[in-house]
Amino acid sequence: MVFSTRHLLKALLPINSVCRTSFGITRISVRMMVSDPIINQKHPLSEDDENIATKKLCIEPRIKRKKCAILLAYSGQGYLGLQRNKGTKTVEEELLLALKSKNLITDEGFDQIQTMHFQRAARTDKGVSALRQIISLLLPEEVDKEVINSALPEQIRVLDIRRTTKGFNSKNSCDGRTYSYTCPTFAFAPAEATIDFNYRIDATVIDRINEIVKSFLGCHNYHNYTSKKKPGDPSSQRYMVSFYCDKPYEKDGVELISLYVRGQSFMLHQIRKMVGVIIAICRGVAKHDVIERSWQPDRLDLPIAPGLGLVLEEVHYDKYNGKFGNDGMHDRLDFVELNDQVSEFRAKYILPTIIKVEKEESSMKLWLEQLPLHTFEVRTEHRHMRTDVNEINSPGLASLQAAAELIEKEEQHAIDTNKEVPPDNLSTLADAAQAMSSEKN
């Protein structure tokens, strides 16, 4: 019996073998199964391995977090603004310390706030207060606002905490912001009136103010109302939705008045310069046409009002509320039911501060004395080198104005370089003025 080569190979080779014949040549490929030897003995941990194991035991347990909106009210007196700035006293630093002390954020979240999606709706500068500031961030599902408030100074309060959508961003999601500027009514008094706390404004002046503020409504080029913005810069275009002067009211023997302006967004010093121009027109130091001329490319010499009375009143989320506020899962972010708490905070912490500082330092009265030093024309010379409106030299005011400009310049440089902002209270201003007068003599 004769067996073929194919039959013989099938009989001798394992089942997993594969035989192929091509062009009369037999090719044999054998697949072999090889297994690694089993090692029963475990290697001892090295020093590095023990450190890793120890670190794993120290990792904080994962806490389920949701995007939230914190409604924050604060008095800016004594703080170098809202935004966190290492080595300086800011409102955000106080809030973050409180959240960390109550274990509502991790150490990593405290050091790197972007890891918890932290965002502020509007930045407020040194001394500026807020009644309805919004902070968005990730927080544990159950958070009690009073727990946070127990770790905060009295002039900073969390008024509410609300769940938001996952993609909510307090800055990018807002439609606009409303600010108020509060000051004694004598700031708008005619030039011939006596500037003191006995002054009482009349309806004619209030009507005049409301007529002037209409010139700011709509979209305009505000390069003259901030710093380091060129006329052709698109970001200088800002849209004002509303602007009006409210009724006057009296507190602690001082008659106060507030201006309210709502816009899509604002630049550094913009509102304070707008108020400065309005006051100058009311007092007869500038003509009404200066507003129209300020939209032009020329750089004008415009005053900047004191920052004491500036308050962030509200951040608006009209589109967000329309889309998510009535979906049954998310709350609206208008906080209208908290208006009484907001009014209480204003009466307790903001208005008394304005009155106290004005009485002690006369910031508005001093500023009004400097107002005639501004030309409201194209800036071609230093203000402190010109004469006043009556062509009479005023060296005392000139030195004071020059000192104020130097302090403002140093403050702006500190903000640009993220350094500590130098103090600019009245005593510092007076010392600087005296020093400049000595140099001049």
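Cβ coordinates come from backbone N, Cα and C, glycine included.
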Stated TrEMBL location of region 'Disordered', expressed as one of 37-63, 226-252, 415-441: 415-441
Averaged pLDDT score, the domain 'Pseudouridine synthase I TruA alpha/beta' (213-318): 96
For Tyr179 (substrate binding site): intrachain residues, at least 6 apart, with Cβ closer than 8 Å: Tyr260, Val261, Arg262, Phe266, Ile271, Leu310, Val311, Leu312, Glu313
Residues of the domain 'Pseudouridine synthase I TruA alpha/beta' (213-318) by DSSP state, where helix covers H, G and I: 30 helix, 34 strand, 42 coil
